[in-house]
Amino acid sequence: MQVHVVDHPLVAHKLTVLREATTDSPTFRRLTEELVTLLAYEATREVRVEPADITTPVAPTKGVRLTSPAPLVVPILRAGLGMLEGMQRLLPTAEVGFLGMIRNEETLKAETYAERLPEDLSGRQCYLLDPMLATGGTLAMAIDFLVRRGIDHITAITLLAAPEGVRRLEKELEHVDVPVTIVTAALDERLDENGYIVPGLGDAGDRLYGVV
Ligand SMILES: O=P(O)(O)OC[C@H]1O[C@H](OP(=O)(O)OP(=O)(O)O)[C@H](O)[C@@H]1O
Ligand SMILES: O=c1cc[nH]c(=O)[nH]1
Ligand SMILES: [Mg+2]
């Protein structure tokens with residue numbers, strides 16, 4: 001598994017405002033979208049393309065196009081939904097599937113409550129969206145699910161990741177031969193006793209959707 005922390009002053013600036021406890025929900029949503037678009041630029045470095053012959057108004061030339069089938073983008077509900085528009089801005093032709101997952105706040109175990117994905121995932125490239133990689137339980141379960149269904153290339157885009165979660169994913173993916181990359185805006189210090197990322201940004205789903 002590869003972890004790529006995007007080092008860019010604009011990402012750092014937007015993330016700083018996002019983290020602030022006083023940032024309201026509309027601003028939080030807008031910044032999330034903007035951050036995802038910036039992260040998506042890095043995350044799509046290995047998006048599959050094929051050669052294409054085209055003709056400009058001036059001359060024939062060679063270029064590339066995204067291969068078919070298009071990449072699959074999977075936001076993990078609820079909080080991952082706030083990342084979808086920012087991702088679609090960069091990959092407008094991607095197909096979108098959904099995973100609904102919730103972490104039990106007592107046991108910190110992830111559960112899947114909804115799934116809406118294309119029937120045949122074999123050989124597909126997938127971008128998983130979830131702003132928070134905390135204990136890693138949610139992403140581990142989502143990745144396991146997608147690998148079992150035949151996805152053969154996974155990039156997870158997160159805003160924040162905790163070292164504990166990254167270590168857990170590295171361990172759980174040791175024997176998975178599908179390449180997995182995590183692209184994140186920051187790798188934070190640690191988890192607190194409630195499994196929250198420190199310094200973090202609080203509950204991403206609540207902040208996106210105005211739950212007080
Ligand atoms: O790495 P983990 O310890 O599994 O925690 C991270 C998960 O927790 C949050 O979702 P939450 O369960 O709060 O659901 P929500 O998106 O509906 O708020 C977050 O968006 C991740 O999905
Ligand atoms: O810090 C955290 C951890 C899990 N989920 C969140 O929304 N925030
Ligand atoms: Mg939440």
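Any Cβ shown, glycine's included, is placed from N, Cα and C.
As the structure is a computational prediction, the values presented were derived from the model and not from experiment.
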TrEMBL annotation, 5-phospho-alpha-D-ribose 1-diphosphate site containing Arg78, Arg103, Asp130, Pro131, Met132, Leu133, Ala134, Thr135, Gly136, Gly137, Thr138 - matching residue among Asp24, Asp203: Asp203
Cβ-based neighbourhood (8 Å from the centroid) of the uracil site, residues Ile197, Gly202, Asp203, Ala204 excluded: Pro131, Met132, Leu160, Tyr196, Gly200, Leu201, Gly205, Asp206, Arg207
Cα within 10 Å of Ala134 (5-phospho-alpha-D-ribose 1-diphosphate binding site) - qualifying binding-site residues among Ile197, Gly202, Asp203, Ala204: Ile197
Listed binding-site residues adjacent to ligand 3, that is, members of Asp130, Met132, Ala134, Thr138, Ile197, Asp203 whose C-beta is under 6 A away: Asp203
Minimum Cα separation from Ala204 (uracil binding site), reported as the residue among binding-site residues Asp130, Met132, Gly136, Thr138 that achieves it: Met132
For Gly136 (5-phospho-alpha-D-ribose 1-diphosphate binding site), the one of Ile197, Gly202, Asp203 that lies nearest, given that the binding-site residues are compared by Cα: Ile197
Residues satisfying Cβ distance under 8 Å from Asp203 (uracil binding site), sequence separation of at least 6: Tyr196, Val211
